[in-house]
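As structure tokens, the structure follows; a few thoughts come after it.
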């Protein structure tokens, strides 16, 4: 067999992986493969296609056959070499995450200082992940890290205030960098949505859409009117919030730099499909650059267009069009390219894996935003905490109840429970349950945010929720980061409350679902 990588044309041939060696000796069924250069290859028993070794991996086949588009790599002796499953390859995962930060930061808004600070945050996130995995702790590691950072800042502020301010100033470039690219980290779930929903029946899909749209409106109302009711009870006057720095706009240099990377890497991947070792690594540069380009272009659109065509939609469409073009030009089709976009394999990551690798860092930076607005949180603690707690409880349990009432499959209902919680923590929450679809979870969270981003101001006006505190809390509690960005762009006075509620909703939802009794009660409601 050729040394080039080969992809089976008929994956079902490998579904009964437990074939005995004796059977292999008695019969030599021909198996046909297609190499990356298009030449057909055939193998039989005489060519030492050792399928018996595959039986040892029978329990893990769902990992390396994930999404139905991953490759099976064969060496010179045609022995099966499965990819490393998730949880292995700690060094590779860290290396990829750090290299992605270098790539994005270099073409971002800062220099070596920004790269170094971002590297520290990413390193801390990776260290905590591995420590929690080694200790078999199911609590979200990034959330623990956020509490640690916030605690350190509060202690320093009470003992040596200058040290706390210095720490804030030191990490501010990385915080602004993550805020600048934040919507980009949500995109991978939308890009691979065609693969995620393929096995979901159309009727179930309609039920999910109904729950997402209706649930967003209900959560908005609950959070908003709860905030108004509590404000009338405590009657606390608003004070000026700490000013929040805004990330710099994208430059023409960034646009042309990413355009050049896209063109060069697309052509290179087309003519040299294995130039970086695997198809996922080879496709990574042009898929990543197409995603970034879509986001840069989307943010530069006129405001009237962005109301309907959100930058994150432009971003996802850009990546999908690039994948479609490459699939057509290479003859591989769309599905394998989308499989290479989000592999979920630590040793062979795609563009989506690198982008989602920043989600833990997003949670860590919550500590800085909460610390900066600590005086505001203390002054309006009653409104903020009451609204967030009530809204989060309502969101989780109403989703479980409505899913049961409309007859949605329990596994799908559980997958969409954290629909109003930011992606990074929503994925951590569903990982506490068994049999969930994490790709569906991420997609539902992003869609919820898009609904909020497009309609939140109109709905708030119709409901006559004019108080900035209520508007900010209602928006963030129902549509997390995307809704926050949309509202704060036109109502800066609501931004501090959006930022606080955005973080606290995810924190409280994660803490709540970490309690076994709460998870059991949710499952009981789901049925």
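Backbone N, Cα and C atoms are what each Cβ position is placed from, and that goes for glycine too.
The feature transmembrane segment, as given by TrEMBL for the ranges 71-94, 383-406, sits at 383-406. Residue ranges 175-196, 461-482 are listed, and TrEMBL annotates 175-196 among them as transmembrane segment. Proximity of distant same-chain residues to the transmembrane segment (412-433), defined by a Cβ-Cβ separation under 8 Å and at least 6 residues beyond the stretch ends, is recorded for 138, 140, 142-143, 185-186, 189, 200, 204, 208, 211-212, 215-216, 219, 359-360, 362-363, 391-392, 395-396, 399-400, 403-404, 440-442, 444-446, 448, 477-481, 502, 505-507, 509-510, 513-514, 519, 522-523, 526. As a quick check, the transmembrane segment (251-272) and the transmembrane segment (284-301) clear the bar of 3 or more Cβ pairs under 8 A, pairs 6 or more apart, so the two touch. Looking at 175-196, 284-301, 350-371, 440-460, 494-513, the range that has the most CB pairs within less than 8 A of the transmembrane segment (383-406) turns out to be 494-513. Tallying C-beta pairs under 8 angstroms between the transmembrane segment (175-196) and each of 142-163, 284-301, 350-371, 494-513 places 350-371 first.
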